[in-house]
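Database features (TrEMBL):
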| type | residues | note |
| --- | --- | --- |
| DOMAIN | 233-344 | domain 'SEA' |
| DOMAIN | 344-428 | domain 'Ig-like' |
| DOMAIN | 524-616 | domain 'Ig-like' |
| DOMAIN | 897-1039 | domain 'GAIN-B' |
| DOMAIN | 1047-1300 | domain 'G-protein coupled receptors family 2 profile 2' |
| TRANSMEM | 1046-1071 | transmembrane segment |
| TRANSMEM | 1083-1109 | transmembrane segment |
| TRANSMEM | 1121-1143 | transmembrane segment |
| TRANSMEM | 1155-1181 | transmembrane segment |
| TRANSMEM | 1201-1225 | transmembrane segment |
| TRANSMEM | 1246-1269 | transmembrane segment |
| TRANSMEM | 1275-1299 | transmembrane segment |
Amino acid sequence: MCVKEQERQIDLQKAALLPPQMTSDFRTKRCFAWSNEHLPKSSDCLHTEMAIKRMLLCSWILLCLSITVRAEIEHLSTDQSYSLQRSILLSESNLSKSRAKRAAPATSYILDLELNISDISVLSKIEMLLQSLMFPVNVSNTTQITNVSLTTICTPVGQSMWCNCTGGLVWTSANCSTYGDCYGLYTDNTCGCIKGMPMSGSYCQPKPPPTTPITSTMTASTTTITSTTTGLHNPKINVSVQFKINADFTTDLTNKSSVAYQNLKGKIEKAVTASYSKTPGFQSVEVIGFGPGSIAINMSVTFDNSSLATVNNVTAQNNIITNALQSQNITVVDGSFQVVLYVPVNFNASPSPPQDGNNLTLTCPVQPNGVFSYWVLPNNQRINAVNYSVILNTTLVVNNIVSTNDSGVYTCVYALNGTTYNAQQTITIIPLMICDSNITLFCDQPKNITCCVKSTNFIFNWTLNPITGVNGTQQYYNESCSIFTLQSNTSCTSNNGFVNCTAYNSPLQLSINQIVTVRTILLGSVTVQFTPPTSTVGDSTTAACTTTTVGAYDNISWVIVQNGINVPLSNSSSITINGKKITFFYMTQNMSGTYYCIYTYIGRKINGSASTTVYSLPVVTVNPVMANVKCNKTTSLACCVASDITNVVVTTETQTLPSPTKVSIGSLTCYNYTTNIICMSHQEFNFQCTATNPAGRQGSPGIMMISSFNDNSACNDTNFGLGAEDAISISNNCPPGQTGTITAMCINKSWQPTLTNCTLSVIQDILITSQNDIQNTAQLQAKLPALIELLNVSIANNSQEVTASFGTISSVVQTLEIFSQAVKSITVSSAEMSGFIHTVSVLISPNSTTTWQTMNNNNATQNFSSNLLKSVEAFSSSFSITNGTDFSVQTSELDLRATKVNNSNYNETFTNFNTSGSVSILKTALGTHTETVIVSIVYATLSEILPKNINSNFSVNSIVLTTTVVNTSVNNVALGFGTNNKSLGNPQCVFWNFNLSGLGAGGWDTYGCSLNSNTSDLVTCSCNHTTSFSILMSPEYNFSKAQDQILTYISAIGLGISMGSLVLCLIIEILVWQRVTKNKTSYIRHVCIVNIAISLLIADIWFIIGFVIKAGLPSCSAAVFFTHFFYLAMFFWMLSLALLLFFRTVMVFKDLAKSHLMAIAFCLGYGCPVIIAVVTVATTASAKVYTRDNVCWLNWNDSKAMLAFIIPALVIIAINMVILLVVIVKLLRPSLGVRPRDEERSNLKIVGRSIAILTPFFGLTWGFGIGVAVAPGNFGINVVFVILNAFQGFFILVFGTLLDSKIREALFRTLSLSRLSTFQTKSTSLDKPSNRVNESFTPSFNIFGKKGNYNISDASRQFSSTTSDSNSYSVLN
């Protein structure tokens, strides 16, 4: 209902006309509008109580009978909302018919009524009327009104309308922020008064959290209008309980974060909550703290506002708490309970709302049998009968309220059943007079001060406290307001004072005054100064401004004007603004311009300005850098600088230079010189170009080196000039935007570029700036945020050029090295870490692989990739997490994760790339640090840019994982790696050792890292250091599982047969020794065969021992030593055998004693292997590079110790092959007196027999071994090598023993097998066969497949002087 009259408006209980089941999305429905003509004349009824009562009752009857809202709900679909239809029924009969027709359930309505009145006294009479009415009020037999309450009072103040809430209601946050809080008390997103009248439908609301409305149920014939309890300080009942328990108090209970505090607090809260869980109205329990005296406990228990009766029985509450704690073995001290209740109530304040000058009456609703104690004012001052005389039982009267300071929480304290009750309500005082406050007067402008009262018949009086240079005049604005105008004169200065406004009402004997503070400001001038006035790119500069204005300013802002555009300045990585001062950490040319410093004083602004210019770095570009010129010929020289640099000088020692010509090329100005190179022969000339910019900065000089020559030129073009064959020329013809050099060589009459070292100019400027500040660490650290951001942005904007540029990558790596050195003594922020890592990500992208390969092959830059990794680790070691506990940066090339660990284990898993990785560190390994920052970085492509280990068959087969523990050393790190290539095997756990290479290139190293487990999908490692880097390496070659099994089976079977064959060979030699060693040649031959068999047998045994021993143990080194020694012994005994054959076949006219031959054979067979084996172990064992890391055999990757076996073996094989060829040639040569046909047949048999015997001994096996080393991935070569190597013993048995006819014959005779064979013995002659073996046995061992006897020449008789058998044996064997 809305009633409007002139200037004052009163809202009565605004709400939505909706059934309870409808949502709050429906807008408020205005049900009645009551204009001025509906009101009786003021003289008839407005000044009488009965007239007002009749007016209201008639209004309500008219409202309820003529306007009613009917809500019909139409069900659209299962998932759709409901629509609300409102119908206006003009009669009660229509209302009844409508309700009967739809048969809707009873519904409650809240009606919105508005009144316009012109006499403020009517308001108080309406309030009294509402208090006197008895609800419910029956309007008809179907409708009744249950309650009516005021919500909002709007009154004019000056030119605006102020709307105050009553009854504890508040304006919503939206209204408070839109119209503004009248008293500046905008807290908790609500306010009690706004400076304006909201749109229709907005009204005061219950203060959140809302209390439960007391809503009655509407029957089919009754309408109930409800109200909500408002104005309560706290809608919940809070019970403060203090008691003691029988336990010893410890200091840990004073620390709320301690384990003891949390455990005891949790036990008490859990027990009490469980006991109260079924108590009506119970909401929560909280332990506030503990104190000494056994253990004193302060606890708060909360109930809703409807549970006052529940908590009144304090004894019951005490028993509940005591029993609950007893279940937790906590004993409460008897008689220690102290309970205080804080209960929200309504004091029925009168008048409501109270204003300045009112007598405020508050009545405390003490419960029956309660004993009133005292009142407590909002300022916590206690009022009692002794010092305050206005207490009447439970009623408090505050006389003549003079200000809003009396607003706040009023507390009525009373006792009931031994319990203290604090009944509380928030009372808001509406000020009667409102004046402007905190006035600022500028000396060049007048200022008005306005004061208004919420009534008429007030007389205003203004008093100006003397302020130098300020006068004031008074005037009335209207009947409720007055204006006081302040005017300054020439003597006005910055000062402070006040004005007093007094309003007096004679009939009411009411005087109100308010003091208005006044601040006068005399605006002055502003000066801006740069230090230094001009600067160079990369410099640090400051700008400061000052003002002659006296007094505090509101704020200072800075603006730069460039090309007529104002650009506000704010803090960034390059700029820090601190009020009057700006610090530029890194100046760039786009910072040149005019800077304005703006002071703001209460809306007035004054400014001053200064200009600064940032000049280019004096980088000199010369052309040519190195050139070749014929003597006494002219040549052109160019010295180019940035266009803003004019001071350029070129000097030389021997040549005279003419004046240059200036040419502009893009952003450069080039000074071109043409000079004649005067010389007679080859000579070197140096020209030096220096430049200084207007800021006084001189750069590094550019050097031009000219080499003269008299020969004919082979190469000639415009970029590199003349040159003889193999001459070198260096030019600076880099692409636009880049600086550097291109080196070329004259090859086949054409200049061929060999190195392009061009760098993006912006990157080069950053590098030069960083290098200039290396000695001034503090200055470099101040610039670091700006440098990192500029570098990151520049690289991101030119990523393609960066990855393809040798020079740019080199410059960036050098810059990052400088950054990592600069942060050693400071903490790296998250923004700096992010910029650094994003820069690295671009450098290691796949597009840069080719460039990195070029750098790795260049002696000057081969360590740059290693330095890049070292820079990342050094930078990470200074990182600190400031916000939260985690930080991460993820790109397509890397994944960084930083974690703050607090006395806990560290575990991080990476799965963002094709293969996974993980790192774990136990908390015991981290020491006692409370907070440790651990940074782990996974690289997907870094392994492609790092240098490869020279002569290594291993390659990276996983991600690269870097882990850095900030300010802590760790000796136990567990790592896990997924593999890229599943077919590879023999993994090694390695780290990147920066010191492994003498040139600083670094390399993969296994020191301190060991393999824990190896599966097809995961390899786990452990390292005893956090070296910065841990990865997994795998061989570049391997075979499938089936192929591995084939090789394993062949080795096992062959090795068994070989060892068995060697044992059988030795047994046979023992059995036939006496029969086959009748002469010197056969004796030494069999000694060699026996020693070869023994050496190979013992070597195989040690090989098996080394196979089962774990690599790295001392026993492994012993196994390697003996295996090495006996394999060498086998080769050297084969050499002895070959030398014997050579001696007895070729040197037929020389002879040595048996003892001499034996001494030579044993020295050669065992002496040489001992020397080689001992020297090998002596030179490699101390460096721990004697054996391999994964198997017991000679090391190859680190020390090349395996050469101590390969070289002797290859040399012996070569010697044996030469001896074999010599012997064959000797045997094929015809002898005198021998029949050609028989001699030819005999020689062929001897050659075939010799090849069949000597070839296995002379290293056919290790010939294939060389093939395995050259082509390790060739399965066929591996199979042949394994077969030959595994069956060496069998070959020795067959070719060294069983194919020997003499051994067979001797063996048969020894075993008495002669009766099983028929042997025919014939006398030996020079013309007939000397021996014939039973043809049933012999042909099976004849490699030529023919039967026959063996003949020897006359020369063979020199070998023996005994039987023909001996002669035959000595040659053939």
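Glycine too: its Cβ is placed from the backbone N, Cα and C atoms.
Scored on C-beta pairs under 8 angstroms, the neighbour of the transmembrane segment (1046-1071) with the top count among 1121-1143, 1155-1181, 1275-1299 is 1275-1299.
Across all of the domain 'GAIN-B' (897-1039), the predicted model scores a mean pLDDT of 81.
With a cut-off of 8 Å on Cβ pairs spaced 6 or more residues apart, the transmembrane segment (1083-1109) and the transmembrane segment (1201-1225) reach fewer than 3 such pairs and are scored as not touching. Secondary structure counts, DSSP: the domain 'SEA' (233-344) has 40 helix, 39 strand, 33 coil. With DSSP classes pooled into helix, strand and coil, the tally for the domain 'Ig-like' (524-616) is 3 helix, 57 strand, 33 coil.
Residue counts for the domain 'GAIN-B' (897-1039) by DSSP state, with H, G and I taken as helix and E and B as strand, are 7 helix, 69 strand, 67 coil.
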